[in-house]
């Protein structure tokens, strides 16, 4: 993790601002021979694309990815892969009002305090648009995982919007792709639609919790003690715009458990592999994957660009009120779902390569 | 963040196992001219040391730090600082019973699955003893902060033990140093003592939530978008043994807020600096410090070494029951408090140096 | 230095292949507020551009740089700068003959052995075209040096072509820009033109030695012991295509000196700064700049793409002869001059930022 | 390569000063299961140890290595290996005369200019004693190579002392271990002894060229374009104290060759592997190993600590003369031989792990 790059061996550098000519991801360290083309990456970008329902920003970006390097005749070559997305819908005039005043809860003020240079055209580098580049890179990671660890399956979904959490008893994976919230609970989806419509119309916004699960991850991934799998997942998720909390397995709730309750008991499975009686650990012990499902959750705060007037100051130090017009997401957590999936894919591939490099095939057998 | 090293410019590599000859931290990138000696570091180590109350492991380690390099006549020289702590109380026989079976909830099994080599003497590298090295490194970071940003004040404390959270209305910083739990609530301290005594006697353990606050942090620290201050804090805290969740400011609760509620309104202070009406952001916007208090919380799961029998398997694949004798912490979260403080100190110093290097004094003025 | 990225704080990742859609550099860590525009970078690219004399490849690439991010209204913002150069003259058919056989002395065979994937269109990633991206990044570094260390002046020139070295007694800096070889010796320039014409017509190629000097570099840059200024310069220069040797100051000739001869004696200058009686050290002692001129030389081997038949093998293991047609540089060392300058600029800026971050203004005074 | 750490996956951080309590190496990323013990590492340290002949410093350091972590029952565990060497012969009084004045050609002055703190006890961090830690780390790397690439054989030797080069026609590897110079030419050894005795008695010193060859290195190691095998070797060698030039294969002499001469022709060997007609490339093409011998040379400048008076200045700015008494190496290049071997071992292991991680077994076949 270093400034605009993340990953140890599979290294992704994202670049670009919301209203510049383009943005993208420079992906270094992808193994050779991975089948990748623009269409495969576009598939994932389309999931994140704005304007797909009335619940996301009405900004319309085709978000078409162009592969500029690193792929030859549909296969990665082992050299850096440059993924570029042109910005096309750059109505900067929408932002004229906020060029001088800082939006409360937004990075406007900290970028100014840090750099002394402020690009008033939208959020610049701090815009959620940056995450399109992550999703593109995640598409490459998924393709590589498909080749190297074909059993891995990554699924993201929302489990809470505002105060409304899903009912785990109604959890139905088949629902995820059928509603605009990627929520695995049909009843929640219906209720959330009403709730968010109200919020949207009132010019307000709301937070959310996203859960990302990776099934089929081999045991042994993760490198103690600062390159732990959960350490890297926490960093990856916390680096997403607006994220304020990250949990693995039981997460914050682990604090309330006793050792007796928390211990995931171990048994032998029919295939000579260990089987766990529960998964409080979220698939990670000591920073290393156990072979169980990897379970990560993160909380996304509400968008700070809202229509309700808020008190703020200008660059010249005057106190004022601000209202952020423009086309914003009432619940930016919705579009964070494919971003969380992408980060999971990148981190898993990175640790798969690290493990292969540092340990080879020398893991311990049981039995 | 890379395997056993963390930090960008202030780089800390910890090394050593719980029952080997020694453990320590190799600290690279500390500025020259910082007043440091063994006594200053020992001060922080003594806070973390086991055996200080009946609520922490009775293992008695003097944890005396020796500075082997990088300091000359009481000042850092700019070269690597080697901090070594000899292990002296290594009753390995305590662990004889667990040499073959894996403790549920413990890294025993994942280290075996990854490396195929298992040091049966305690937790080896995954032991909480590794955190002594972090605290030592944190002592160096604190000394450097004292020179470069003397207004910074870092305070850690427990806010929850098991199901029992503190009452924020009773929050009293003066209480923190007066009880064995570093809890800023005298009434909670009394109740927790009774609760933990019961648990301890029953051979059980429990989780906790620790909060670490840094006051006086200058605005502008943090580097978008993967070297964000909150990204690095999340990684730093998640890398601590047994941590399962990390929160900044509102944390997971941010999901339940609306944009109107979450926006920290901005006003002008008397000194020409911005003043915020609230701190839902936990002092960080867009990954960059705002000048408000930095607020981080993390959840520590209960120790997996407990006396209650749990089902497990052995290396040879046999199912069995395990009871972990030895001298363990009933609530390892207690000793995580100074560790969290140390990680905060390291991350803040690192970002102070990064900011100085990359941006210099060129931040933007308000007014 | 890591795979396709170099630099510690000023980090340059180059990407792209000779015959793909585009190539470029992702530049992370440039300070904010540096005046940069496409024209400023184009200035340096034009120096390196092929087809400027009969002594460089006749491939015609306009090499026009496009700035896709990180610059707003002519100033860097502190965020990643994406520099893209479209490939326009991609006559891949020229390379048809070499799609199966490996060129002796070329990376064809090693890329195949490593990756099992071979892009037969020119050198792919190993092509000297990659260095255009370095020159573009160097343009950014020069602009930043211009702001932060305006006294630094970087000059590259050839000092040897094939067996013909310049005569140091005729050294005339004013000559450098007047001949196609960037050689500071008019008589050498004349002789080399005749020599290289003969070689070129015979379809042969030849090596060269390039020297790069940086004047006005402040004392104190460089970080012991693996981030030394000379270590990073050696890596930077050795990473340029076809470079086989790197020297600092006396270089390999230092082996023949005695300690008495080699010691650069030190005196006090009129301005209270140390003055050295000689510069065998090339401006670097213990990996740290002395304030003298930094002097680096590197040897470039002859291009392996030649018209003289050479024995080789094909991918299917058949022995054969190969002749490389196409438009190649008879002395690729010529175009390495601006590349060496660019690497010097990047390394100096990087160490200036590192020094500022880690040491601040705390260097020692003399007197 | 970053400050006091080198390597990508096999990461070595050296620490310690010549006259502090101890020095050592923190080795992170060594694969598990490598047979290592203190005796194996001591073997290599003893080769480098001072005081073995009248041609090296008479300072007597037992240089006994202690393994503090990362090895359990004679095998590496995959966790950081701490190698510590206590300093025992620290006659700091020898250096009293040089506490105020700077030795010409020495890092005294640059450390002062950079850090403003100067440890007057010998060279501090810039002392050649730091290389003992490299040799210890190299011992671990050799053991790991022995397990993972048992065909690799690394041999270092001197090929030039002062103006006296060996005669390649007399090259006899069996001679290397029979003389105090590790020179593969018996006649040279005899002549050098006389030459160096004279120099030593006159209080002077002299430079040298060391060559290190690695046989049996698999094809495919090295990562374009900034993690090239030759890039990393150049950095590794240039980081050794007193090194001023590094060459791969033909090195600086490549400049004088034509393309026809330089092209190493390729044939098919009896075993279906390519065979090269020559090795001008030094075993590396495009930064990737060819399977031929890797050949690296580096020039070591003469020790700056000499008895001949040299003009210099003091910290207070006074001009003076200096004579460096104490026990110094008349030709520090001699002891650089095992250091060069160690760096070669570390770089090769690092790239073996990198290749395994990033590419796996997917290299291309010929035939």
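Yeah, the Cβs are placed from backbone N, Cα and C, and that goes for glycine too.
Residues or ranges marked as NADP(+) binding site by TrEMBL: D:48, D:54. The number of other CB atoms found within 10 A of the CB of residue D:48 (NADP(+) binding site), across every protein chain shown, is 24.
The annotation FMN binding site is assigned in TrEMBL to D:125, D:126, D:127, D:241, D:242, D:286, D:301, D:302, D:303, D:304, D:305, D:327. DSSP classifies residue D:242 (FMN binding site) as coil under the three-state reduction.
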What subset of the binding-site residues D:48, D:301, D:303 has a Cβ positioned less than 8 Å from a Cβ of chain C? D:301, D:303
Is any of the binding-site residues D:48, D:125, D:301 near chain B, in the sense of a CB under 8 A from one of its CBs, and if so which? D:125
When you measure from the Cβ of residue D:125 (FMN binding site), how many other Cβ atoms are you left with inside 10 Å? 28
For residue D:48 (NADP(+) binding site), just give me the three-state DSSP call. helix
Roughly how many Å separate the Cα of residue D:242 (FMN binding site) from that of residue D:48 (NADP(+) binding site), to the nearest whole number? 16
Note: among binding-site residues D:54, D:301, least Cβ-dense neighbourhood at 10 Å is D:54
Give me the Cα-Cα distance between residue D:125 (FMN binding site) and residue D:54 (NADP(+) binding site), rounded to a whole Å. 25
What does DSSP call residue D:125 (FMN binding site) in the simple three-state scheme? helix
Give me the non-local Cβ neighbours of residue D:127 (FMN binding site): same chain, 6+ apart in sequence, Cβ-Cβ under 8 Å, ordered along the sequence. D:17, D:18, D:241
Distance between residue D:54 (NADP(+) binding site) and residue D:303 (FMN binding site) at the Cα atoms, whole Å? 16
Pairwise CA distance, residue D:301 (FMN binding site) versus residue D:48 (NADP(+) binding site), rounded so that it is a whole Å: 18
About how far apart, in whole Å, are the alpha carbons (Cα) of residue D:305 (FMN binding site) and residue D:48 (NADP(+) binding site)? 19
Measure the Cβ-based neighbour count of residue D:305 (FMN binding site), defined as the other Cβ atoms within 10 Å of its Cβ. 26
